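Straight from TrEMBL, the features:
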TRANSMEM  12-29  transmembrane segment
DOMAIN    45-431  domain 'Ammonium transporter AmtB-like'
TRANSMEM  86-107  transmembrane segment
TRANSMEM  145-164  transmembrane segment
TRANSMEM  176-196  transmembrane segment
TRANSMEM  208-227  transmembrane segment
TRANSMEM  247-266  transmembrane segment
TRANSMEM  301-318  transmembrane segment
TRANSMEM  339-358  transmembrane segment
TRANSMEM  396-419  transmembrane segment
Amino acid sequence: MHSPTAKVSGYIVLMIVQIIFLILFWLFVRYEKAVLPQAIGAEDAGSANEHVSKYPQFQDIQVMIFIGFGFLMTFLRKYGYSATGYTLFMAALVVQWSILMKGFLHMESGKISLSLENIIDADIAAAVPLISMGALLGRTTPIQLLCMSIFEVALFAANEYLALNVLSICDCGGSITVHAFGAYFGLAVALMLRPASDQNEAGKHEGANYLSDISAMIGTTFLWVYWPSFNSVLADGAGGERAILNTFLSLAAATVTTFVVSALVSHENKLDMVHVQNSTLAGGVAVGTVCNLLLGAHGAVLIGIIAGTVSVLGYRYLTPWLTSNLRLHDTCGVHNLHGLPALISAIASAIYASMVTVDDYQSELEDIFPAMVGNNGTATKIMGGLGRNASSQAGYQLFGIVVTLLIAIGGGILTGAVLKYTNFRNLQKDEHHLDEQYWEVPALENKEE
């Protein structure tokens, strides 16, 4: 499995997967009616403009996925090629697979409709395996990442359908269905691939240098700037604008809090770059599920303060504990950036859902909490029926995060077992966090320690 032939066969498998996607697109995917040429003089000839209008937000999300996530993971001093390259590869793969998987759950007349909204949905789904990759960064092969992504996106699409359509929870920014799922799925895989007890120490190349940390800050900055678009792109009207406002305020509060708490808990009371790169973003995750609700400016700021504090403390105390006691190596600390803030968001959603009234939300109630409306015209059978009260909706919000955690952790354990105990090649300790295993690296880099 270590021979050049094995590596080549792996890339042949990747090409076969792409050809399978080609066949599935040919058989099942068709342009949505609104993006097809309209008959001359047709009244709805300009309706495609509704889709084009979200293109700026689509660009923002593209920057987050392909630049933000990629560069955030370049902190490993000898893994920059892989961090950026595998991000590009996985996102391109997952966008296609997500269009198909989500489309199969919403088919009309046996076909999947393709529009800009489908692509935006698929871009958001690409964040899921990228989050999981963060937990495993530097310790898996490209073929393992491919296998993980294929299985994870299928499970993610099913869980998202269950949470949003059957349980009918509110999750505008995807903190439950995207961030929590990706984080705990990845952590479960990492737990299954954990090293032996005599190899639990940090790898030789598992660390940053001055330049790699600056490179990672590029990813942090792009993610910070564009996160309001990520949270608001699927919201409409006033709810979309509230999502932007609440996300920005939560990010700002989390950033200030991160600097303060980092200085308080770090060695010699100096700022820790790991905290600045990651915990400053925790506010965007923690406010995601509730970003389109009537939080008030104070509510968004409070969520940001809590998220920044919890995230920094997680990096400082929880991550080392998980490594030393469970041998769980969370390379990027996704538990502290995505997992814990997502749990905060889920709890916040239950609190705010319990206070929802028709007088507050007026005509937006049906869009945000469809199960609380007596007759909303949905074709999906919602669990518990329509006409929920506020306390019931709060309960379903908590039920949604519990179901998501169970599916993510269970799926991650199963996937990790497949990757570990079947014929997949597992990297050896001295191969971790090195680009040169799968990349042509300049000779000068190969000589450096």
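Any Cβ shown, glycine's included, is placed from N, Cα and C.
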Region pair the transmembrane segment (176-196) / the transmembrane segment (396-419), three or more CB pairs under 8 Å: yes
Cβ pairs under 8 Å between the transmembrane segment (396-419) and the transmembrane segment (145-164), at least three: yes
Selection from 145-164, 208-227, 301-318, the stretch that has most Cβ pairs under 8 A to the transmembrane segment (339-358): 301-318
Chain residues in Cβ proximity to the transmembrane segment (145-164) (below 8 Å; excluding those fewer than six residues from its ends, i.e. six or more beyond): 13-14, 17, 86, 90, 93-94, 97-98, 101-102, 104-105, 125, 128-129, 132-133, 136, 171, 176-178, 181-182, 185, 189, 400, 403-404, 407-408, 411-412, 415, 418-419, 424
Stretch-averaged pLDDT - the domain 'Ammonium transporter AmtB-like' (45-431): 93
